[in-house]
Amino acid sequence: MMEHLTAEQWREIVNKKMRFPPELINAIHEANVSVIHSLLKTGDGIIRQLEDSEDRQWREALNLSIRLGNEESMVTLLHGVKFDFRQIHEALLVAVDTNQPRIVKRLLDRLDQEKGNKMDVHSFNQAIFDHSIDDSQFAPGVTPLTLACQKDLYEIVTMLTQKGHVIPWPHKVSCTCLECRNGRQYDLLKFSLSRINTYRGLASRAYLSITSEDAMLSAFYLSRDLRKLSKREPEFKPQYLALEELCQEFAVELLGMCRNQSEVSTILNNCGINDEDTRDELEKHSFEEGIPNLARLRLAVNYNQKQFVAHPICQQVLSSIWCGNLSGWKGSRTIWKLLVSLGIFFTMPLLCLIYWIAPKSKMGKILKIPVIKFILHSASYLWFLITLLVESIILEMYRDTSTTRHQTLLHNSIHMVWVVGFFWYECKEVWIEGLRSYFLDLWNCLDVMVLSMYLASFSLRMVVLIKGYFLCQSQQSEMECLYFTDNARQDWHQEDPQILAELLFAVTSMLSFTRLAYILPAQESLGTLQISMGKMIDDMIRFLFILMIIGTAFLCGINNIYVSYTESIYLGRFNETFQFLFWTMFGVVNKEYVDMPDFVLAQFVGRILYGIFTLLIVIVLLNMFVAMITNSYQKIEDDADVEWKFARSKLYLNYFREGLTMPVPFNIIPSPKAFFYLIRKLFCFCNYNSTPDYPPMSSGSNETDEKVSYRNQVIRALVQRYIESARREFEETKRKDVGNRITGLSKVIGQLHVDLKQINQTMLDIEDNRHDPSGRSTSSIIGKYIQGAKNNFRDFNSGMPTESKSKPLLANVHNPKSEDVDEEIQDMVKSVEGKIEDEGVGAEIKEQEGEDQTGDGATVEEDRAGDESTDQSVLEDETTMMEEGRANKRREESLTGSSSSEDTGFTSQYSEISASSPE
């Protein structure tokens with residue numbers, strides 16, 4: 001009926017919904033395009049809405065043709081059926097999943113035809129709001145582009161991006177726009193999964209390589225965002241951290257594509273960021289003359305890209321800058337480095353004087369080398385620590401005056417010379433780095449705290465001296481003058497300024513020695529220990545928080561038990577109870593403190609609470625703390641090389657900066673260079689508004705554009721090398737996979753060939769034994785002989801006449817020779833049967849019988865006829881033998897008259913042989 005329709009009528013019917021022909025699936029499996037075309041052509045077009053089951057059948061038919069790689073069937077279906085957006089979306093995902101670029105192109109062309117009507121590229125991103133795709137095999141939010149990116153299909157990704165497909169950047173987690181609110185209200189799980197899948201596409205190597213102008217910088221940004229998201233969305237923390245690791249690895253692999261030093265310098269010295277604030281912050285950190293700015297490397301340090309910073313290329317650049325012109329420093333022995341460091345330590349004042357006088361001299365340039373600058377500053381800090389030790393010794397020597405108001409500032413204030421130098425050093429560092437960058441470093445926060453405490457301690461000492469001096473000048477304040485000048489320490493107030501100053505000085509002295517750990521990353525083994533100690537401090541803070549909660553709980557409970565009883569002198573007040581519980585953790589208190597013999601119930605409850613406290617704190621929490629520290633150390637030890645190189649790189653970059661060459665305390669002395677710079681700036685400021693004598697020079701924008709253009713060329717070259725390397729690796733992996741499959745298949749075929757040869761040989765042996773009784777298979781001959789004997793004895797009773805069935809088998813048993821022969825025959829039969837069972841002859845006989853039964857009719861009939869003739873001849877022989885036996889028996893009875901009991905035994909022996917044969 002429909003075969004005579006015109007093209008317009010056919011197109012109109014095809015555009016309607018069509019019933020699904022059940023035979024279509026089989027035709028697709030068979031790749032029978034003509035049958036598919038005929039089924040679509042003879043289908044009944046109807047104007048109605050299809051059911052969901054029938055709609056899924058059409059979708060599965062199209063997906064099946066794509067998975068089978070049958071492009072002709074797919075094209076026939078696309079031309080013959082009106083597929084909607086959901087089916088095209090599913091088909092594209094299937095084509096991408098099976099890596100078929102030609103089919104993807106076909107489907108994209110189909111989309112171009114439908115784009116003007118109902119579909120656009122943005123519709124793929126809105127598929128989350130469609131319930132009809134819930135039965136899809138792909139997760140929510142997976143678009144063709146994200147799926148291709150996750151599989152790193154560069155060809156398909158390029159094809160999709162050229163068609164206008166993009167992966168929109170997800171909104172913030174706290175976004176309250178209409179789209180995000182609707183997504184959360186519609187389906188929260190689907191919204192979250194869509195967000196995860198979107199980030200998987202964004203973090204893929206294919207998407208970063210093809211869509212980003214600077215793939216390395218995009219990987220930095222995305223890694224930072226993913227690390228933040230792992231903290232804001234702890235439900236998906238493992239997924240975000242895995243993607244963050246993927247971005248770091250991609251940046252490292254791109255850096256590994258560099259071929260020469262020019263490319264490395266171009267990559268590391270140009271950050272290429274568009275954020276003006278970040279760019280200005282990086283460019284503001286100028287380095288010493290002759291040292292590149294390393295903007296991208298510093299950006300990697302700020303974004304915590306540890307693998308990138310620890311890459312051998314970055315470490316080689318940093319090491320070459322660190323040693324400067326001292327080419328022999330890097331490869332020299334440790335003892336030589338130690339001797340040079342000791343020489344600089346003792347000659348530090350002389351070296352500083354030379355640099356103060358002639359900073360541009362050869363010696364001055366050597367002192368600007370980062371490694372020498374590091375040794376100078378370390379030597380200065382060691383002198384500061386030696387000064388603190390000397391002051392402590394002096395206070396011990398002059399204990400009589402140090403415990404009164406008569407101590408002088410000279411005895412305990414020499415360190416203030418270094419403190420002033422440190423203060424000026426930190427002020428210059430804030431000026432260079434900026435306030436925000438300065439406080440991002442925790443070591444700087446420690447420096448600010450220590451300097452504040454030193455200044456507070458010195459200020460309190462000065463307050464005591466100044467206040468005593470002015471109070472003694474007044475006649476109305478004799479008591480206060482006496483307090484601040486001559487009173488003994490026992491009469492001082494608890495909040496006395498001198499006591500506070502001494503306490504602050506003690507704490508800051510301890511913190512000053514811990515500040516020495518800052519220089520430990522310069523050495524590998526010590527640097528690893530310093531990093532592990534930092535991680536342990538984090539664990540200690542978390543442990544102290546839990547300890548504070550549990551300790552406060554037991555402090556309140558135990559104190560409330562003993563507060564009403566005066567018998568316990570160590571418990572009942574918060575101060576004493578806290579001390580008791582604190583020292584319990586270290587096992588230095590007496591457990592009898594909780595005893596109250598006169599109040600048994602209160603004593604019992606107190607002992608129970610004290611026992612639980614000891615169990616939790618001493619056994620559980622302390623062991624948990626040890627386990628936490630061990631775990632943190634093991635994590636650092638497993639990745640010790642990366643952690644140490646990252647910490648050392650941060651230390652190196654701090655000494656690459658311009659200025660800050662003069663160590664403390666010599667930096668507080670104004671140098672001639674500082675005066676020269678000050679005069680030059682004043683001169684420039686005075687001539688700022690004057691008319692220039694010469695026309696202005698070009699701004700150098702062309703040079704900047706050339707640098708940007710060259711940087712982009714290098715980035716594109718690295719990306720192209722990476723893509724080619726990925727393709728070669730994919731082809732090599734595919735080739736190895738095919739080779740492994742071929743090898744496995746060859747082994748299987750070889751084993752099958754051997755098995756077939758064995759089967760053929762077995763068949764030939766059986767056939768030869770069947771037609772040639774004198775064959776070589778001895779086991780088969782013996783088996784046939786035994787089987788024939790059993791068959792003969794099996795029907796022995798049935799073959800005898802009726803009147804003789806009840807008669808026993810008679811034999812001449814009184815003949816000794818015949819008895820010996822019978823016993824030998826029985827032994828031989830038993831031994832043969834045992835060999836048959838041991839060597840598997842019985843199984844071979846059964847196989848032979850089965851083959852005889854399954855053979856063709858003629859052969860079976862012939863074998864049966866031969867067996868029957870053999871059985872007949874054997875039966876005749878046995879009959880003759882039995883008749884001769886009866887005759888002998890009668891003669892024996894007539895001669896000797898012996899009994900028949902022995903005949904019965906002989907008959908039973910034959911009966912046992914007959915019974916042992918299978919029926």
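Glycine is no exception: its Cβ is also placed from the backbone N, Cα and C atoms.
Per TrEMBL, the feature compositional bias 'Basic and acidic residues' maps to 830-848, 883-894. What TrEMBL records for 868-881 is compositional bias 'Acidic residues'. TrEMBL lists 895-919 with the feature compositional bias 'Polar residues'. The domain 'Transient receptor ion channel' annotation in TrEMBL covers 175-237. Summarising the annotation, TrEMBL assigns region 'Disordered' to 793-919. Residues or ranges marked as transmembrane segment in TrEMBL: 338-358, 378-397, 409-425, 448-470, 499-520, 540-563, 570-588, 608-629.
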Go through the chain and flag residues at least 6 beyond the ends of the transmembrane segment (448-470) whose CB is under 8 A from any CB in it; none is fine as an answer. 405, 409, 412-413, 415-416, 419, 422-423, 426, 481, 484-485, 497-498, 500-502, 504-505, 507-508, 511-512, 515
In the domain 'Transient receptor ion channel' (175-237), how many residues does DSSP assign to helix, to strand and to coil? 53 helix, 0 strand, 10 coil
The mean pLDDT across the domain 'Transient receptor ion channel' (175-237) is 89
Please indicate, using numbers and ranges, the residues of the same chain that are 6 or more beyond the transmembrane segment (499-520) and have a C-beta under 8 Å from a C-beta there. 374, 378, 381, 384-385, 388, 392, 412, 443, 446-447, 449-450, 453-454, 456-458, 460-461, 464, 492, 526-527, 529-530, 533, 651
Tertiary contacts of the transmembrane segment (540-563), defined by C-beta under 8 angstroms and 6+ residue spacing from its ends, are 571-574, 577-578, 581, 594, 596, 602, 605-606, 609-610, 612-613, 616-617, 621, 624-625, 628-629
Which bits of the chain, at least 6 residues beyond where the transmembrane segment (608-629) starts or stops, bring a Cβ under 8 A of a Cβ in it? 536, 539-540, 542-543, 546-547, 550-551, 554, 557-558, 561, 581, 584-585, 587, 591, 594
